[in-house]
Amino acid sequence: MQRDYLIRVETESMLDFKRLNGLMIGFVIKGEAHIYDENNMTQCNSGDIFIINHRDLYRFQLQQDGIICYIQFQMKYLADKFDDVHCLYFHLTDATTTKNIHQLRNIMARLVSTHIRHNELSKLTEQQLVIQLLMHMIHYVPRTYHSNQSILNDDKVNQVCDYIELHFHEDLSLSELSEYVGWSESHLSKKFAESLGVGFQHFLNTTRIEHAKLDLTYTDETITDIALQNGFSSAASFARTFKHFTHQTPKQYRGDRPAITENQQSAQHNYHDRELILLLNDYIEEMNHFIEDIEKVNYKEITFQPTNHQLNQFNHIIQVGYLRNLLNTQYQSQLLTCHSDFQVNEVLAYDVMPYIMKKLNAPFTYDAEISNIFYDIDLCLDFLLDHNFSLTMHLNQYDSRDYIDAFKVFIHHVALHVSHRKDLKFNLYVTTLHNSLIEMIDYFKALFPNGGLYVHLDQATERHLPLLKRLEPHIDHFVFDANSNDAVDFNKMNDDEFKTASQMIINKTNYLIDLMHRHHLKRPLILLNWNTLTGDTFITNGEYFRGGIIIEQLLKLSSKVEGIGYWLNYDLHVSHCKNERDYMNSIELFHQYNGKRPVYFTALLFNKLTSNILYSDDTCIVTGTDSNFQILLYDAKHFNPYLALDNQMNMRATEMIHLNINALEEGIYKIKHFTLDKENGALFNLWRKHHTIHGMDKDSIDYVNRMSFPKLEVYDIDVTDTLALNIKMITNGIHLIEVKRYPSS
């Protein structure tokens, strides 16, 4: 219930002191706040925690743009949770370690953020986090016993006040309370007035009215119900007492505070919910949960139905920059790993003609009898031939005679080098069209009749349509680029803009398909340079986990695009970029030290799907047969990547999916469950934790690479008719479940 605890965000100062009934803990979200008690003032800056104990006088004074948040526990709630509430007097001291302070702030930030977001299961998640917060305080924040913290003149009067706070909803009397402390009624009444300046009945009614105000503000309960549950004998008695203390009737008081909901109460002043979430992100850190923070439950029933649709796997094209990079043994190993895991068989290299022209025009002459100007190129070709990779070369600035001559020398040499071995699958890729290309392609096709020509396709290509038509018989594929980051302004928080960006890749694909149709061009497409929303910095690109978004794009593209491009690794990729924004145009498979990025595992998991589709919807696809099938579930949420700048982003949501696969043949099934999400397989978090100003040593590198893998669970399950699976889906996560029935014995 709301009356058990309050979760608030405050942007305005308190004018007067209040005496707290209960326990309050909070921290400064932004700016500076002065926390006053009866005798002292404590200056708190951003991130500082404050605690106010039961019966303390307190007041907040917020400096300009200051924001604080707090959780206030009612005494009755604490009494229900703890055997002895007198032990709940907390004090932050040097004994409270920085780690524990961070953890307290972490829990509170998540709690306030959950409260603001107000999702389907926010109330349950709040209650879990509240318990976690109290447990952490009990274990890690120093406490003193109540008897050392008396704020009144007499301990017995203090006991009576505590008793009233815990039992105000009951039928209390002065005689009952005097018996409780062993005094006469007259003596208790006298001591009460001396200590508090008010009589017993006045104090009791004040306590009841304060609790009733909370119910009037935050619940829809009837006034009669509120009266009875706060200790009044009737609605009429409640109304009289309420008006005496507030000069308003309960109905008038409630009417002055319309439409205050649990999620609105935290968003005060001129701060939007999302701004508060973004500010709270700075205080949320990764932590091991002993409480599940499930925010949504989804039930999915699947029965396989025959379909005419097939899932097409992609031809993966890996960019390596300069051809000589293939001499690097680490890069060779990475390519072979890709080839083994998801059938990579094509390498795209930059133009070698400038390199050859430089050698051909050198001031000294290479003697063919004692040297070979193509020595390093031949070693690269041998690696490709040995491992059945095809080579695609990006030609650039090929409109000069010197370039064409160098091209012919190079192509002739390659043809001679591979003539005594199996054929090399050789392709040329051009991004601009020039008439000199006709001569070059004719020469190339004469020596490599099975060679391919890739042509970049965009709006500008239409200006060269006649030349494109002449080249069409030689063209194998059209190539294009698409970057969702180009569609948004990351300084804005407009959700509609990010929704538009989520469709950018598929929209451009459809546009090009329509362009080809209008001009009667029929060739398969290759998406070479592409990216989903990542932000425009290296940090957002790493922190914003987007595995599910990438899977979503691959599924949408599988029937429209034949090839998908990636850079091999971070070092090769970044060395060919002008700036961070340019870097965001593409995705690489490896980080440094052979660390596999999540996109690597996304491609690996996608490759485990087979062609026959048994079921599909917006977040799930099942392929295979009824006895050997693959279930792919994913979450794809597109939002501003800057909201993900935290190890455990505040836009993170957790969904429990109860999945039933119906009408299966009875038997024992083997389950292999891969989980790729922010907590399983995300390289960037581990990398940053183990990276020092001097880099990483071998132990750290090996550990990070071992731990940065999808989670794998393997088990057998006996199925009669329905296979039931429970899947915890984190924002933008992926679950690939392979199911195979054992043969009958």
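Note: Cβ is positioned from N, Cα and C throughout, glycine not excepted.
Summarising the annotation, Swiss-Prot assigns DNA-binding region to 175-196 (among others) and lists sequence analysis as the type of evidence.
Under the heading DNA-binding region, Swiss-Prot lists 223-246 (among others), citing sequence analysis as support. Under 8 Å from some Cβ of the DNA-binding region (223-246) lie the Cβ atoms of residues 168-172, 204-206, 208-209, 211-213, 215-216, 253-254, all in the same chain and six or more residues away from its ends.
As annotated by Swiss-Prot, domain 'HTH araC/xylS-type' applies to 158-256.
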Over the span of the DNA-binding region (223-246), count residues by DSSP class, listing helix, strand and coil in order.
19 helix, 0 strand, 5 coil
Residues in the DNA-binding region (175-196) grouped by DSSP into helix, strand and remaining coil:
19 helix, 0 strand, 3 coil
